[in-house]
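This report concerns only the one structure given below.
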Amino acid sequence: MRGRICFLAIVILCSFSFILVRSLNEEGRVLLEFKAFLNDSNGYLASWNQLDSNPCNWTGIACTHLRTVTSVDLNGMNLSGTLSPLICKLHGLRKLNVSTNFISGPIPQDLSLCRSLEVLDLCTNRFHGVIPIQLTMIITLKKLYLCENYLFGSIPRQIGNLSSLQELVIYSNNLTGVIPPSMAKLRQLRIIRAGRNGFSGVIPSEISGCESLKVLGLAENLLEGSLPKQLEKLQNLTDLILWQNRLSGEIPPSVGNISRLEVLALHENYFTGSIPREIGKLTKMKRLYLYTNQLTGEIPREIGNLIDAAEIDFSENQLTGFIPKEFGHILNLKLLHLFENILLGPIPRELGELTLLEKLDLSINRLNGTIPQELQFLPYLVDLQLFDNQLEGKIPPLIGFYSNFSVLDMSANSLSGPIPAHFCRFQTLILLSLGSNKLSGNIPRDLKTCKSLTKLMLGDNQLTGSLPIELFNLQNLTALELHQNWLSGNISADLGKLKNLERLRLANNNFTGEIPPEIGNLTKIVGFNISSNQLTGHIPKELGSCVTIQRLDLSGNKFSGYIAQELGQLVYLEILRLSDNRLTGEIPHSFGDLTRLMELQLGGNLLSENIPVELGKLTSLQISLNISHNNLSGTIPDSLGNLQMLEILYLNDNKLSGEIPASIGNLMSLLICNISNNNLVGTVPDTAVFQRMDSSNFAGNHGLCNSQRSHCQPLVPHSDSKLNWLINGSQRQKILTITCIVIGSVFLITFLGLCWTIKRREPAFVALEDQTKPDVMDSYYFPKKGFTYQGLVDATRNFSEDVVLGRGACGTVYKAEMSGGEVIAVKKLNSRGEGASSDNSFRAEISTLGKIRHRNIVKLYGFCYHQNSNLLLYEYMSKGSLGEQLQRGEKNCLLDWNARYRIALGAAEGLCYLHHDCRPQIVHRDIKSNNILLDERFQAHVGDFGLAKLIDLSYSKSMSAVAGSYGYIAPEYAYTMKVTEKCDIYSFGVVLLELITGKPPVQPLEQGGDLVNWVRRSIRNMIPTIEMFDARLDTNDKRTVHEMSLVLKIALFCTSNSPASRPTMREVVAMITEARGSSSLSSSSITSETPLEEANSSKEI
């Protein structure tokens, strides 16, 4: 028995000893504590096992032979959470790298306890706050990387204490203040990369004390003053990168003494004077960028000494004189850009010696002479742009035979002769632009092999012959411009093969025959102009299939017959010109559906019947409504008074009768209103609009008189000749139209054009009665709470205007006081007659709102579909929308900063719920202040999901609808046409700017056109932050100003031009919460704490 006990004791002792041996050492436990503050969503740190004896084999850990941890490298592991200073318990730690993760929070001050640290890399995370002064106590530090975070404040002036520092990389933050002169103490510093911040002041001359400096990168800041001459002391400097600042003065000749310089990037500043000849002493120069300054004078011939240069860009200056032939000595040159200067003389044939040249752009100058034959032998030339000069003669015949072109643009010159045949020999040509020259002959059939071509622009020449059938094999063509030539023949049915075509211009030629019905295959076409030809026949109804078209011009031909009703399906049309043809019949009533139309030209035809009252629905008409010189009869519809933006109205030379509607006299935008030569009676309405117009606009109506005269007498016509219209009237009215557009329409055209050019095709209508599809009618068809359709009619007084709460793109919202005393909001969606978007909105909104519940989301009580009425029943918000509240005057605005802060946080939480907690994820698509509704306590509720997009909803018909409202639309949508949650975040950032500034999202054109640009411009112009804040707010409270400044930063994060740089909504909620929780005031001004422009990723900072 005793022996057994002894044996058992030995076993237990051995087991205990084994455990002691296998237990994790102190450094391993420190790392596990450090890991506890991180979220390892991808499991990269799964090898960090507490059962190991030491951490030396763990992922990202490096040790000495004595198993002491010296390096923690967690780069790119998708980690989030916060950075714990517990890591400094690793006393042998020399390197800490957590870059390219999602770690947030401030940089811990206690990192200063890492006394042996040599490398600290926190780049590309979500760190915010200031750079802790305590970091300057780590005197062993050699490399400090803090780039691509959200740090603000200034560089600690104690930075000079880091005597061992070799590399300081802090670009892409929101740092401000001056470059501290104490950096002169950093004798071992080799690299400074501090671009894309908000540093101001001058470049300190003391920086010349950094005698080891090789790279000085301060691009994209707000630095001012001249370039310090003391920089010549930096004899080790290879890269001087100062682009996009506010530097001015002349480039000092002393820059030529920095003998090792390889990169000199001074572009996008305000440098004046000439390019110093001493720049030719920089014989090691590789890249020289001086573009977008105000440089004058001639390019020095000494430029030819830069024999190792690969890229030289002097574009967008005011340089004069000849292009130096010495450029031909730089045999390594790959890029030469001299465009947009005032350069004269011929193109030097010596450029033909640059056999490595890839890109040559000499456009927008005053160059003359011929194109040197030598250029056609450059084997690596891919981009040649010579447009907008005074070049003449023939294009070299072998151009393209030896060169692998992708872009070739020689437009806007005086080139003559035939088009050479070898442009696309290597099948890489993407753009060929030879327009606005004097080229003659036929379009070369050799282009039939150019499958790569996307843009072919040969307009405004003297080309003859017919359209080569081979052109229609170029399936990648998106733009075909052959206007204003002498081309003839029929339009081939093969035109329909170009299914990627977006722009087709065939105007001002001699084409005959009919437009082939295959034109309907061009379903991506945006602009189609075939005006001023000899085309006959009917306008093909198949044009109604070109649903993306925005500009259609068929004027000045010989088209006859009725106008196809199908043209009313082109709901994206902005400009429709059918004038000067032989069209008969009535104006299609379906034209009332073209609600985006800005210009409608139907004059000079044989149209008859009445003017459709539906034209009054074209409330976007602005440029012109011209239905003159036809055979129209009946009265002028009173509905034309709805065209509140219209500037030019031509109704003259018809057979119209009755009186002039008083509503037209109230169109304050009207510049021209010609209703002469009709059968109108009565008096001209005595309004300011008509008072400023000449009486000739009303002449030729024998029963019409001017009310301003004491004795009302008929107005005498100036001319009633239809022939006068056909000969010169059309041109005269066009001239008047253009003049008025220039004077009165620049801003509004830009405003509407920017908004509508980014809109996409609406889907075909799908009947709501179809209940076979899930998530559409099954769950929510019957309204909740016992509401009936008749009850809703009674509660809204038959949808009276008196109870209208608001109007939107999808419908009108009414206040409904139900018989039981409950108040709700009823949204009546637009009828099908206004397009399918209403029913798509109905379906998407139900599918979305019916499934979610959140305190900051507007509740959907139910919906009702009755005959053709689609009704949504919402929770009533007594305080209306945020937009309405912000638009009130100073005395009526009920929103102090505390209320605005709570609204910002509540709306952020609602949007965060949609993005992160709904399955599938919901993207709102139309976040704006008018869609953030307020209850009686001013609590925010996100509403109006008429444009909502469920990422995975198979049956949602709103997926290709336009995303957002003008002023709120993310910039990337214009070219990607894709909607992501980042678009919502951009829009929400605009809402935050509205809350802070009190300004609407759309600003005058001279101020940038939208609120984001206005704020960015104010910051760049050093406007004090407090002057950007809403004047109705109390800015005497420091805490309030501090919170507003922080929310302004958040807004600028959200409205970053790069979607990848925008935070998630969870991060936005966290930042807004932290803004109020912050206890200390920032000492720096926000005026320059935010990067406002994204740099090209290929450029160094």
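Note: Cβ is positioned from N, Cα and C throughout, glycine not excepted.
Keep in mind that this is a model prediction, so the values were computed, not measured.
What Swiss-Prot records for 1078-1088 is compositional bias 'Low complexity'. Feature annotation from Swiss-Prot assigns phosphothreonine to THR788, THR796, THR976; the stated evidence is similarity to another entry. Taken from Swiss-Prot, the feature phosphotyrosine applies to TYR874, TYR913, TYR968, TYR975. Swiss-Prot lists SER960 with the feature phosphoserine, giving similarity to another entry as the kind of evidence. Annotation source Swiss-Prot lists region 'Disordered' at 1076-1101. What Swiss-Prot records for 91-115 is repeat 'LRR 2'. Per Swiss-Prot, repeat 'LRR 3' is recorded for 117-137. Per Swiss-Prot, repeat 'LRR 4' is recorded for 138-162. Look at Swiss-Prot and you will find 163-186 tagged as repeat 'LRR 5'. Per Swiss-Prot, the feature repeat 'LRR 7' maps to 211-234. Annotation source Swiss-Prot lists repeat 'LRR 10' at 283-306. Residues or ranges marked as repeat 'LRR 11' in Swiss-Prot: 308-329. Swiss-Prot lists 330-354 with the feature repeat 'LRR 12'. Look at Swiss-Prot and you will find 403-426 tagged as repeat 'LRR 15'. The repeat 'LRR 16' annotation in Swiss-Prot covers 427-450. Taken from Swiss-Prot, the feature repeat 'LRR 22' applies to 570-593. If you look up Swiss-Prot, you'll see 595-618 marked as repeat 'LRR 23'. What Swiss-Prot lists as signal peptide is 1-23. Positions annotated as topological domain 'Extracellular' by Swiss-Prot, on the basis of sequence analysis: 24-734. As annotated by Swiss-Prot, transmembrane segment applies to 735-755, with the evidence given as sequence analysis.
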Modified residues (THR788, THR796), the one with most neighbouring Cβ atoms at 10 Å: THR796
Under 8 Å by Cβ from TYR968 (phosphotyrosine), counting only residues of that chain that are 6 or more apart: ASP926, ILE927, LYS928, TYR986, SER987, VAL990, VAL991, PRO1001
Within the repeat 'LRR 16' (427-450), residues counted as helix, strand or coil by DSSP: 5 helix, 7 strand, 12 coil
Beyond the flanks of the repeat 'LRR 15' (403-426) by 6 or more, those residues with Cβ under 8 Å of it: 363, 371, 376, 378-397, 432-444, 446-447, 449-450, 452-453, 457-458, 463
Residues near TYR874 (phosphotyrosine) in space but at least six apart in sequence (CB under 8 A): VAL813, ILE824, ALA825, VAL826, LYS827, VAL858, LYS859, LEU860, TYR861, GLY943
Where TYR913 (phosphotyrosine) falls in three-state DSSP terms: helix
Reported mean pLDDT - the repeat 'LRR 4' (138-162): 95
DSSP-derived class (H/G/I helix, E/B strand, else coil) of TYR968 (phosphotyrosine): coil
For THR788 (phosphothreonine), the three-state class that DSSP assigns: coil
Pairwise Cα distance for THR788 (phosphothreonine)/TYR913 (phosphotyrosine) [Å, integer]: 31
Assigned conformation of TYR874 (phosphotyrosine) - DSSP reduced to three states: strand
Same-chain residues at least 6 beyond the ends of the repeat 'LRR 3' (117-137) whose Cβ lies under 8 Å from its Cβ atoms: 75, 83, 93-111, 143-156, 158-159, 161-162, 164, 169-170, 175, 1063, 1067, 1071, 1082
